[in-house]
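Notes follow once the structure below has been shown.
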Amino acid sequence: GLIHKVTKVQQLCAFNQDMAGWCEKSCQAAEGKNGYCHGTKCKCGKPLSYRRK
């Protein structure tokens, strides 16, 4: 199911690295945005240098 898929995506990042490019791919598919790894999490459209204002 979808929930398992999301959980799997969480595992694709390690040490801020998009291990297989899947973070990027999933974000492009879902939102048309670049994917960035923050630690072990994949975030769409938010580079590591991103700061909330």
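Here, residue 1 is simply the first one shown, and the rest follow in order.
Just so you know, glycine gets a Cβ as well, placed from its N, Cα and C.
Of the cysteines Cys37, Cys44, only one is given by Swiss-Prot as the disulfide partner of Cys13: Cys37. Here Swiss-Prot annotates a disulfide bond for Cys44; of Cys27, Cys42, the partner residue is Cys27. By the criterion of other Cβ atoms within 10 Å of the residue's own Cβ, the least surrounded of the disulfide-bonded residues Cys13, Cys23, Cys37, Cys42, Cys44 is Cys44. Across the fold, the C-alpha of Cys44 (disulfide bond) and the C-alpha of Cys13 (disulfide bond) stand 13 Å from each other.
Cα-Cα distance from Cys37 (disulfide bond) to Cys27 (disulfide bond): 11 Å (rounded to the nearest whole number).
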